[in-house]
Amino acid sequence: MDLFKILLLVFFVNISFCFAADPYSFYNFEVSYITASPLGVPQQVIAINGKFPGPTINVTTNENLVVNVRNKLDEGLLLHWNGIQQRRVSWQDGVLGTNCPIPPKWNWTYEFQVKDQIGSFFYFPSLHFQRASGGFGSFVVNPRAIIPVPFSTPDGDITVTIGDWYIRNHTALRKALDDGKDLGMPDGVLINGKGPYRYNDTLVADGIDFETITVHPGKTYRLRVSNVGISTSLNFRIQGHNLVLAESEGSYTVQQNYTSLDIHVGQSYSFLVTMDQNASSDYYIVASARVVNETIWRRVTGVGILKYTNSKGKAKGQLPPGPQDEFDKTFSMNQARSIRWNVSASGARPNPQGSFKYGSINVTDVYVLRNMPPVTISGKRRTTLNGISFKNPSTPIRLADKLKVKDVYKLDFPKRPLTGPAKVATSIINGTYRGFMEVVLQNNDTKMQSYHMSGYAFFVVGMDYGEWTENSRGTYNKWDGIARSTIQVYPGAWSAILISLDNPGAWNLRTENLDSWYLGQETYVRVVNPDENNKTEFGHPDNVLYCGALSKLQKPQKVSSSASKSIGFTSLSMVVMALVMMMMLQH
């Protein structure tokens, strides 16, 4: 058999494998510093492939995603995929409890499947307060063509990132926190990495580049909006246009009209917006600070422009007002309660979302997690959950388990707040595999908090002001509470979530408020199948990085501007296909 026939045989074996399996998408990310002026002042920001914000990742349910990351920063790097569940592969989650940092000048390749998910998400760098300097971007998971969607196909799909922003870079902000200081009021709010349109000559400096979204009259667009900021809740609105809420973090919602919606740190929403206004002028897109003294924070407002293709003039006049609820603290909470799961719509699978009857499942574990204002522990300013300020392990949790490294963490996280003095510890929750956990998030701080759980979409069953008690369960929504991965907890209030622990691994449970997270307001939930023949969790990847107690296992990497040497079998298949095509042309 000649070489051509051998290659042809290999080609057909490989092509059969590829088409039988789920397809792959490939991205190369070069993460570096660039100089930009989002608020009119030159500053160092973190870019991906020279872009700020980074490129949008766009994939389809069940695709395998390969992201090769080259770290050109001067410090360690991890990318976290906010809301992507990483089914059975917490090794790819990109936080310190699951991954060793990618050293400067090194390449590392993430490879994971977006299994059984659809929706709107984002990614960001999770170490060293880096998100405050950028490195974030949108992450879109489209449904498969065979799965029905509960609305007509939009005429366009637009991603929007919003977030508070400081002119100081992440290293200066980090030092302020290390020195025990507050960060103070942000310098502004960015929309897609750009500063505000000059709607007011006093509040907005001249010469700032602003975001413009161009649309066609009469068309309907899907706007995917993510709050990628540091700690500020933002009210999102478009002058003169209704926002039809359609999806949030992978769950289709009951479709309702809003003139504006509060989007808290770490949250993502999809809106259907119809361009049904006249084109006498452009329209303002606004993201303004919430749950603060909004008179003082007036300058902390992001303003972009919605421009019809036949627009006759620039936007002018006052911004459209946000909610007038200065003396009504229930308005925002009632709006949040109005967001409900569309139980009849298909999600990533053909069956209706509501076929999972979460309200009838027996709870196996209950955790009441309380955060307080920052405290001083051993002379350092820290934040806590249940009186514990988390210290990240030097060795990732599941890697320590697999390679039998002891004393990395303790499975002793308390189910209720500690009564003694606060302490620093690597204390994590021992989750029961296939258990059903109730978590009550009690915010006894004066600031809004957002909480995120990696690895899962949890069910938001209740929220209210005051202290949670067992009687509060009588108010739970056990039918159509939204399933999502990030939930807000209002100051002096609680939010309750239910989690089906069907995804083995070690999963980060944290505040999304970057300052509080940096100071220790997090833990992990370790979920392990006790069966000795455990086949539910994939082993660590071949390219795993080693650190901490396992540092001696790490081989040096040859510094190169090229991609990783290997990104799996699919790359080999592609090479073989290319060789075969060349041989075919010669024959």
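Using N, Cα and C of the backbone, Cβ positions are placed for all residues, glycine too.
Other C-beta atoms found within 10 angstroms of the C-beta of His452 (Cu cation binding site) number 23, with every protein chain shown included. Residues or ranges marked as Cu cation binding site by Swiss-Prot: His80, His452.
Here Swiss-Prot flags Asn14 (among others) as N-linked glycosylation site.
According to Swiss-Prot, the feature N-linked glycosylation site maps to Asn58 (among others). Within the same chain, residues at least six positions away from Asn58 (N-linked glycosylation site) with a Cβ under 8 Å of its Cβ are Val140, Asn142.
DSSP classifies Asn107 (N-linked glycosylation site) as strand under the three-state reduction. The feature N-linked glycosylation site is assigned by Swiss-Prot to Asn107 (among others).
Here Swiss-Prot flags Asn169 (among others) as N-linked glycosylation site. Just so you know, the Cβ of Asn169 (N-linked glycosylation site) picks up 18 other Cβ atoms within 10 Å once every protein chain is counted.
The Cβ neighbour count for Asn200 (N-linked glycosylation site), using a 10 Å radius and every protein chain shown, is 14. The N-linked glycosylation site annotation in Swiss-Prot covers Asn200 (among others) and is backed by sequence analysis.
For Asn257 (N-linked glycosylation site), the same-chain residues 6+ apart in sequence whose C-beta sits under 8 angstroms from its C-beta are Asn242, Leu243, Val244. Marked as N-linked glycosylation site by Swiss-Prot on the basis of sequence analysis: Asn257 (among others).
Around Asn278 (N-linked glycosylation site), a 10 Å sphere centred on its CB holds 11 further CB atoms from the protein chains shown. The N-linked glycosylation site annotation in Swiss-Prot covers Asn278 (among others).
Cβ contacts within 10 Å of Asn293 (N-linked glycosylation site), excluding its own Cβ and spanning all protein chains shown: 10. Here Swiss-Prot flags Asn293 (among others) as N-linked glycosylation site, drawing on sequence analysis.
The N-linked glycosylation site annotation in Swiss-Prot covers Asn342 (among others) and is backed by sequence analysis. Mapped onto three states, the DSSP output places Asn342 (N-linked glycosylation site) in coil. Residue environment of Asn342 (N-linked glycosylation site) contains 21 other Cβ atoms, counted within 10 Å of its Cβ in all protein chains.
The feature N-linked glycosylation site is assigned by Swiss-Prot to Asn430 (among others). The Cβ of Asn430 (N-linked glycosylation site) has 13 neighbouring Cβ atoms from other residues within 10 Å, across all protein chains displayed.
DSSP classifies Asn444 (N-linked glycosylation site) as coil under the three-state reduction. Marked as N-linked glycosylation site by Swiss-Prot on the basis of sequence analysis: Asn444 (among others).
Annotation source Swiss-Prot lists N-linked glycosylation site at Asn534 (among others), citing sequence analysis.
Residues or ranges marked as GPI-anchor amidated serine by Swiss-Prot: Ser562.
Feature annotation from Swiss-Prot assigns signal peptide to 1-20; the stated evidence is experimental evidence.
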- Task: Rounded to the nearest Å, what's the C-alpha distance separating His80 (Cu cation binding site) and Asn200 (N-linked glycosylation site)? Just drop the number here, would you?
- Result: 37
- Query: Nearest to Asn430 (N-linked glycosylation site) in three-dimensional space, by Cα, is which of the recorded positions Asn169, Asn293, Asn342, Asn444, His452?
  - Reply: His452
- Query: Measuring Cα to Cα, how many angstrom lie between Asn107 (N-linked glycosylation site) and Asn169 (N-linked glycosylation site)?
  - Reply: 24
- Message: If I take the Cα of His452 (Cu cation binding site) as reference, which of the glycosylation sites Asn169, Asn342, Asn444 has the closest Cα?
- Response: Asn444
- Message: Between C-alpha atoms, which of these glycosylation sites comes nearest to Asn200 (N-linked glycosylation site): Asn169, Asn278, Asn444?
- Response: Asn278
- Query: Of all the glycosylation sites given, Asn107, Asn444, which residue's CB has the most CB neighbours within 10 A?
  - Reply: Asn107
- Asn293 (N-linked glycosylation site) to Asn169 (N-linked glycosylation site), Cα to Cα, whole Å, comes out at 25
- Message: Taking 10 A as the limit, how many CB atoms besides its own sit near the CB of His80 (Cu cation binding site)?
- Response: 24
